[in-house]
Amino acid sequence: MPEPVPADKPEGGDAPPADGDSEDGGEGESTELTGLFVEKPPDNVVVITGSEATFIAKVDSTTLTRKPVMKWLKGKWMDLGSKAGKHMQFKETYDRNTKIYTYEMKITKVIPGDAGGYRCEVTAKDKCDSCTFEITVEAAQQEQQADILSAFKRADAGEDEGDLDFSALLKATKKRKKPEEEKPEIDVWELLKNAHPSEYEKIAFQYGITDLRGMLKRLKKMHAPEPKHCEAFLKKLESCYSVDKGKKIVLTCEVVDPNVQVKWLKNGQEIKPSAKYVMEANGNIRTLTINRTTLADDAAYECVVGDDKSFTEVFVKEPPVTITKLMDDYHVVVGERVEFEIEVSEEGAHVMWFFEDTELHKDKDSKFRFKKDGKKHTLIIPEATLEDIGMYHAWTNGGHTKGELEVEEKQLEVLQDIADLTVKATDQAIFKCEVSDDKVTGKWFKDGVEVLPSDRIKMTHIGRFHRLIIDDVKPEDAGDYTFVPDGYALSLSAKLNFLEIKIDYVPRQDPPKIHLDTTGNMVSQNTIIVVAGNKLRLDVEITGEPAPTVVWSKGDKVITEGEGRVRVESRKDLSCFVIEGAEREDEGNYSICVTNPAGEDKANLFIKIVDVPDPPENVKCTKVGEDTATIIWDAPKFDGGAPIKGYLMERKKKGSSRWTKLNFDVYDSTTYEAKRMIEGILYEMRVFAVNSIGLSPPSLTSKPFMPIAPTSEPTRLTVHDVTDSTCSLKWLAPEKIGAGGLDGYVIEYCKDGDTEWVVANQELCERQGFVVRGLPVGEKINFRVVAVNIAGRSPPALLAQPVTIREIMEHPKIRLPRELRTKYIRKVGDKINLVVPFQGKPRPVATWYKDGQPVDPKMVNVRNSNVDTILFIRSAEREHSGTYELVLQIENLEDRATVVIRIVEKPGPPRNVKVTDVWGFNAALEWEAPKDDGNCEITGYTIQKADQKTKEWFTIYEHNRRPNCTASDLIMGNTYQFRVFSENLCGLSEDAGVSKNTAVIAKTGLQMKAANYKEKDMSCVPKFTQPLVDRCVVAGYSTAISCAVRAFPKPKIIWMKNKMIIGEDPKFLMQNNQGVLTLKIRKPSTFDGGMYSCRAVNDLGQDEVECRLDVKIFTEAPKE
C-alpha cells in the first residue's frame, strides 16, 4: 500500500487540513496526494462587500487515466456544490491542446457571511490534491484590517436559495433589537498566551471563537520550541490525516530498530488492539489501522518509542446532512406553546437554530428549549410573546429550512353564555359556559363572594367548558352567579331561581290542572330551547282530585318509557319529562294530557334543539394574486338552530400537517382574501362556522391553490401596418412575468368614443404580433393588448391615440441590393437565391422577365410577398445566363429593375498546339484559343513539358496570357512533348491541348573525362564525443538529455533506463541529428528518475555512455 502523503498546510494552522490518505473499507485502496494543480487560488483574498469575486484553479490531466472531480468546500465539511445558484456559480472548461482543466468559482454580490476558510479538492481514481485559501470581506468604502480571529468564527449568513426574492414577504411584522454597545478592541492572543489552559474555553466562548481546535493549534505553534532531532524514528507520522466518516484510515511511521515495541495513544490514552484498532509491524514499518471511523475518532494520536513520540491529528469528515421534513409556519396567541419541528437524514446530526440572524444556544437563551429524538429536532418556545415574532431558521451542513412565527394578543371569545336556571328543592342546578381558549381557568362567584367547592358544590373545567354543579338545591342557593376568566376583564352572569311548591286544599272532585312554568328555558310561550348534548328536565306541576292520569306524547306517538334517554318520571303532584343528551331528532311538538273523572287538561309544547352548525361547504379558491388568494364557500346547510355569527379560517402548506389560523375575530362574510402568502407555494384552506352554541367541525379541505400574480402589461405596443380593413400590431413581452409564466395575449379593439371592447382573436396569440381583420374603412379604432397566464389578465397596454383604418397609397419602388447592380456571376451547379425588397401600397404585383419574355416556371422559381420577391434557381446551368427584368406594378404605376446573370464553367482545351522552332536548348510553342471559353474571359494558360523517357510532366509556365511561349533550359539529347491548359474564372480546363510534334535537343561533340583519384576509407568505430551529464529536474516539466557520437557506417542507437531498453513509449522521444543524440522526456514524474544510458552499435564495434536523472516535486517555501 502506498504511503499516505498529505497536502502541505499553510503556516498558521488556522486553515482546515487538506484531505489525507483514506482507504475505503470495502476495497482497501489508498488515495495518493500528488501535485495535480497547475494554478491555485491565492492564499488570502480581501473582497469588498457587494462586489464580485472569482477564484480559478487549473489541473494538469496528462498523467491521469480518468477525468478529475473537483469539489469546492467551505470550512471543514460544507460542500458548496449544493449551494450553486444566483449567488454562487461554478464553471468548468477543458483545453484539448494542453490537457488542462480550468475550474472557476464565482461569488456575485459578496456578503459578510462569505468570509472564512475555503478549500478546493481534486480527485482522480488513485490520486488527489487540495489547496486552501482564505476570504476576508470588508465593508464598502472602508479600510479595515484583517482580523486573525475571523478564521475561527462561524459564518452566520446562509447561501442563495433561488431566483425569487421572498425576503420582503417573510419579514416579521414586529421586531425589536437592542442597540449594540461599542467595545474596545482586545488582543485575544495576548490573553490566551498569559492565560491558564483551563481558561481557554471560557475566553473562546466570550470572544465568539467557535473553532477551538484551530485556535489551540495556532497557539501551540506560537509556543512551540525548536524541534529536536529524533533518535527512534526514521520517518514520523504525517502532521494530519483526513478521512470520511465510516471509512478506514491507516497511520504509518518508520522506526530505526525493527524489533522495537511501540505504543499508540489517542488523546493521551493508550489504544488496545481490537477489531476497530489494528496494529501491525512489518520490518521497520509500524501501522495503526482505524476501521469504520466515527466522529469520536476525530482526535490527536501518538506513536511512542521509549521517550520519543510522533504526533498526528485525524480529521473525520461528516457527510452532508439533509433536511427531510421542512419547518412549518405558526400563528399563535400570546402565551401559547410553539414547537418548530424538523427531520434530518441521519440520527445524531448537528443542527443550528437561528432567530432572524442570531444563533440560538441552550445556555445563552434559557427561553428556548431544544429537543432531539432520533432524526427529529425540535425548537420549543414554552410561552410565545410579541418579541418572538419573526423568521426562524434551521441549518445543517447540507440543508436549510425556515418557518415564520406570528403572535397576536390573546383575545377570549364567549362561545356559550351562562343561562338562568329555575329549580326546585333537592334538584340539581348546573351552570355551563364555553370560551374560545381551552387553557383559560377562572373562578365562580355568588353575589360577589367566591364559591368554594364542597360536598354539594363542584366546579369542573373540561376543554373549553366550565361548569358549576350544585346538588340538592336549597333556598339559600338562590342568587346571582358569575364566572370570571383569569387574566381577562370579562365576566359571565346568570341567576338561580328557587321554585317553592305550594299545595292548596282542593275539593275532592277537582278537575285536573296543568301548572306549566314559563320561565327558565322558555324563550316564548310554549317553546323550549335546548342545546344539543345537554339534559332537559321539565317538571310540570299537576293538580286535581282524584290524582289525574298523565300522558306525554310527541306528535301522535305516546311516550310511555320510564327509563332510557327519553323518559317520563311521575311523582306525587309532579310529572317530569327528561331528555338525556338532547339530539336534533328530539326537536318537535310535544303535548301533555292529564285526565281524571272530573275532567281533563292539555298543554302543547315545542322543543327546539340548538347545536353547533354543520361545516361550511364548497370551499374553493376563485382568484389568486402575487401573495394573496380569494376564498369563497357556501353557508352550512344546517345552522344548528341558531343564526350563524361568522366564520374562522385556517390554511396550511400542501404536504404539511400544521394549520395556521388566519383570523381570531369572527368573520361574517363567505368571501375572504388571504394575504401574506408566498408566490409559487401550494396552499390548502378550511373554514369553521360559528354560532351562539359553538364552533362547527372543519369543512372539507379546499383543492390546493398557488398564489400567482398576473404579468405586467405588454410593452412598446405599436402599429406596424394599416390597410382598408386590417391593422397590424406589434409589441414586446411584459417586463415582469413571475412564477405563473405567460400563456399568450388577447387583442381587443373598440371604436373611438365607445366603451365596448371587442376581442379580435378567438384563441390566445403566442407571438408578439397580430393582424386585426374585418375593420370598418375610415373609422378611428382604439387597440389594446392584454397578457394572460394562469393567474388571469394583466393590465392592458393601450395605444396613445386611435388609428384611422385607411389604405395608405405609396408608389412602387424597387430597392435593388448593391450586389445585383453589377453583373451577377455564378458557377454551374451553384444555387441562386435573389431577394429583391420593394415598397408600395396597396400590395404591388411583381413580374420577372428574361430577355424580354416572362420567365419559364419550369426553369426558375419565383415567390412574392408583401415586401419582397425571390428569384430561386436550385442548380444553375449555362442556359440560365441572360438579362432578367423585374417589373413592379400598382394599377397604372410601375417601377423596373434589371439584373444581368452569367453562369460560367471551366473552359475547353486550347487548339492546334505545336512546336514551331527549336534552337540550342530552347523550343518555341504556339496554339489557338479554346473553342469553348466557359462563358467568361480566358485569363491565362498553363504550359507543361514531358521527357519521352520518363513521361513525367513538369510545369514550365503558369498564367501565361499570350497564345505562345518559349521553353528554355531543355536537356541535350532528350526529346520533349508539350501540353497546354486554358484557364478562366472557374479554374483550369479539364483537358489539355497536346502538341502534335516534339522538340528534339541534339547532342554536341563534347566529351567528359573522369578524374583519377583514390577514394578515402571513412570507416570508424562508434565513439561518443560528448557524454551524457547528470541532471536534476522538477516533476511535471518536460526535459531532455543529449550526447554526441561519431561512427561510420551509421550506427544503431539504443536508449536504456536502468539497463532496460526503452521501447515505443510515447512518453519518450528519441532524435538523431547529424550524430547529436537527444532523449526528450515529457512531463516526468518521480517514477521517471534513475540511470539512463545510450549505446551506439555498428559493424566495427560499440560504445556506451550513461548519466543519472533525479526528479523532485516542487514545494512552495512557507510564508512568514
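The count begins at 1 with the first shown residue.
Keep in mind that glycine also has a Cβ here, set from the backbone N, Cα and C atoms.
Summarising the annotation, TrEMBL assigns compositional bias 'Basic and acidic residues' to 1-12.
According to TrEMBL, the compositional bias 'Acidic residues' annotation covers 20-30.
Among the features that TrEMBL reports, domain 'Ig-like' is placed at 227-322 (among others).
Residue counts for the domain 'Ig-like' (410-482) under DSSP, helix first, then strand, then coil, are 3 helix, 37 strand, 33 coil. Taken from TrEMBL, the feature domain 'Ig-like' covers 410-482 (among others).
Per TrEMBL, domain 'Ig-like' is recorded for 512-606 (among others).
Marked as domain 'Fibronectin type-III' by TrEMBL: 615-711 (among others).
Across the domain 'Fibronectin type-III' (713-808), DSSP classifies residues as 0 helix, 45 strand, 51 coil. Annotation comment: TrEMBL describes 713-808 (among others) as domain 'Fibronectin type-III'.
Note on the domain 'Ig-like' (812-884): its mean pLDDT in the predicted model is 90. Residues or ranges marked as domain 'Ig-like' by TrEMBL: 812-884 (among others).
Shown for the domain 'Fibronectin type-III' (909-1004): DSSP residue counts in helix, strand and coil, namely 0 helix, 52 strand, 44 coil. The domain 'Fibronectin type-III' annotation in TrEMBL covers 909-1004 (among others).
Among the features that TrEMBL reports, domain 'Ig-like' is placed at 1022-1110 (among others).
Residues or ranges marked as region 'Disordered' by TrEMBL: 1-35.
Residues of the domain 'Ig-like' (227-322) grouped by DSSP class, helix first, strand second and coil last, total 3 helix, 51 strand, 42 coil. Taking DSSP states H, G and I as helix and E and B as strand, the domain 'Fibronectin type-III' (615-711) has 0 helix, 42 strand, 55 coil. Break the domain 'Ig-like' (812-884) down by DSSP state and the numbers are 6 helix, 38 strand, 29 coil.
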